[in-house]
Amino acid sequence: RLRPTTLRRPTASGGPRSRPNPTGPSASHPDLPPPSSPTVAQPFAPQSLPPHTPPHQPAPPPSAARRATLVNRSSSSGKRASSLPPLPRTPPESSSPAVSLSPTRARAGECDRREGGGEMGSKTKGCCGWLIVALVLALVATAAVVAIMKRKPGGGGGGRSRPPKPLPVPGPPGDIDSKYGDALGVALQFFQVQKAGKLVDNQIPWRGDSALNDGKEAKLDLSKGLYDAGDHMKFTFPMAFTATVLAWSVLEYGDQMTAAKQLDPALDALRWVSDFLIAAHPSENVFYIQVGDPDLDHDCWQRPETMTEKRPLTQINPKNPGSDIAAEAAAAMAAASMVFKSSDTTYSDSLLQHAQKLFTFADTYKGIASDTYPKLQKYYNSTGYVDELLWAASWLYHATGDQTYLSYVTVQNGKDYADWGRPTWFSWDDKLPGTQILLSRVNFFGSKEISNAENSGLKMYRDTAEAVICGLLPDSPSATGSRTSGGLVWISGWNSLQHGINAAFLAVVYSDYMLTSQTAAVECSGKYFSPTDIRNFAISQANYVLGDNPMKLSYLVGYGSSYPQQVHHRGASIPADAKTGCKGFEYLHSSSPNPNVATGAVVGGPFQNDSFVDLRDNAVQTESSTYNSGTFVGLLAGLVTTSSVAKTFT
């Protein structure tokens, strides 16, 4: 199974494209669509695409930023432009499986269209008054129907012509919404499923100790950390991103997690990854970015507890740079340092020191890890490093209060790196939208020490963040058309839930910034949307994942009564007592449900027509990943109840 590559295209989304899957089914598999079906959809309202602002040119004014279309980052400093032309959007029918499915699946994505009518009676004399009344009633009925039809799936509603009044600031966490509280408890268990190393208080009966020798060739203990997805690789890039968003979730919603009795498992998962990141940074300018050989790993189908193949290490250093991964790790450790500051100051200080050194390393020796090691391009093909540098500096500013980090992201590098006015999709590869939301927090809640020049840069970040939000709201003039009929934001056939979940997480965070600061609305090309409207979009995406979709299927494994049974996951697919050696592929191709439940896994998700084929061979749809879980935990934590956010993390 190869990880999809993300390529930059001037008018296509920032989501990943699919690549061949070596352990997947053949192209002629009867239950799967043709290989071309996982495609990249077009971005927000391409017909209103603003002209490209070349690197080092003045950014568009705020009004243009709000009208901006959600497009890819340009080939600015540190970014590679793709030579491929934009891919056209695949119509829903081209994504449909080529075989007859069950009645439920056959109905997925269909509309129930009924036409009705009536005949005018033969009596016409003396009924002009009744005719007028009938016409008036018909107009009223038509208006009502139009209003109902305008309620789009996916969190539609809102869009006033005048700004609403500010909503009251919420108090402490209120009543727990059991739906999201239960889902949060389930989602957090996936981090336990994915743990490597010597397990402590193991709650997953089919898991055991594994990868205990990782790092020994360099005299390091790299046994901890998380397995990436359905394989046994430790890719530091997405693992660090998972830690960053998990830490962000705790910083914003730790009180709500506490109210839902789910804070401890979140802290446990975050510390497990943080321990790995510290161990992977043995000296100032050396950082280990990978444990295992993906080709060897993917040539086996076995439980992690019985692995015997070699697990070589890959490092970045001044001669072999990887600014993208080093900066992401710096962001993760800076964010985690704030999480643990009140409970373990020594550990917090250690994380912060590592974060600062890694940021300096990333900023001094610039380069993309997948250029340094081209083999990475088949798995996590980073498309640049400037977004990670901005992301890391933003987290370091929050963690330290050091104005030099704020100046770095605003005055020094904002125009060159931030691509102001051009919103993109938040993902393991693209951190710009997350940076825009995070720096909006500074603009919302302010600081007396911020200069006018820095405030000007912060305003540009916030304007771009609002362009992101405007693109997500279904009733916004700049709303993306890349949605399924069931309301899911759909950008890529591979791991299709990723972008909707990530966007919803950013939306709920931004809506809470607005509530806490009593900001009444965001303006989207003359229409105004309240924090409630933005939160409703986030709710729509969460509900889709939890089963409010045409398949009536929960894409969170272990939640609800109907969820995928054949998750593409080695450990879950093989009985705990099976002796498979490396070649246990009979379990990959088995038609039986997994003997072990990968509780908390968020699978890849549906095709653009809302259909889903639950086959283990179908890694495009049934494979899960830790980075999906990181943002989904944050989304659920934000929805579990309502409270104001802290105006500062420290």
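The backbone N, Cα and C atoms fix where each Cβ goes, and this holds for glycine too.
Per TrEMBL, compositional bias 'Pro residues' is recorded for 48-63 (among others).
Look at TrEMBL and you will find 92-103 tagged as compositional bias 'Polar residues'.
Per TrEMBL, compositional bias 'Basic and acidic residues' is recorded for 107-117.
If you look up TrEMBL, you'll see 128-149 marked as transmembrane segment.
Per TrEMBL, compositional bias 'Pro residues' is recorded for 164-173 (among others). Residues of the same chain lying 6 or more positions beyond the ends of the compositional bias 'Pro residues' (164-173) and with a Cβ under 8 Å from any Cβ of it are 255-256, 258-259, 515-516, 518-521, 528, 530-532, 641-644.
Computed over the domain 'Glycoside hydrolase family 9' (180-636), the whole-number mean pLDDT of the model equals 97. According to TrEMBL, the feature domain 'Glycoside hydrolase family 9' maps to 180-636.
The compositional bias 'Pro residues' (164-173): residue composition by secondary structure is 0 helix, 0 strand, 10 coil, according to DSSP.
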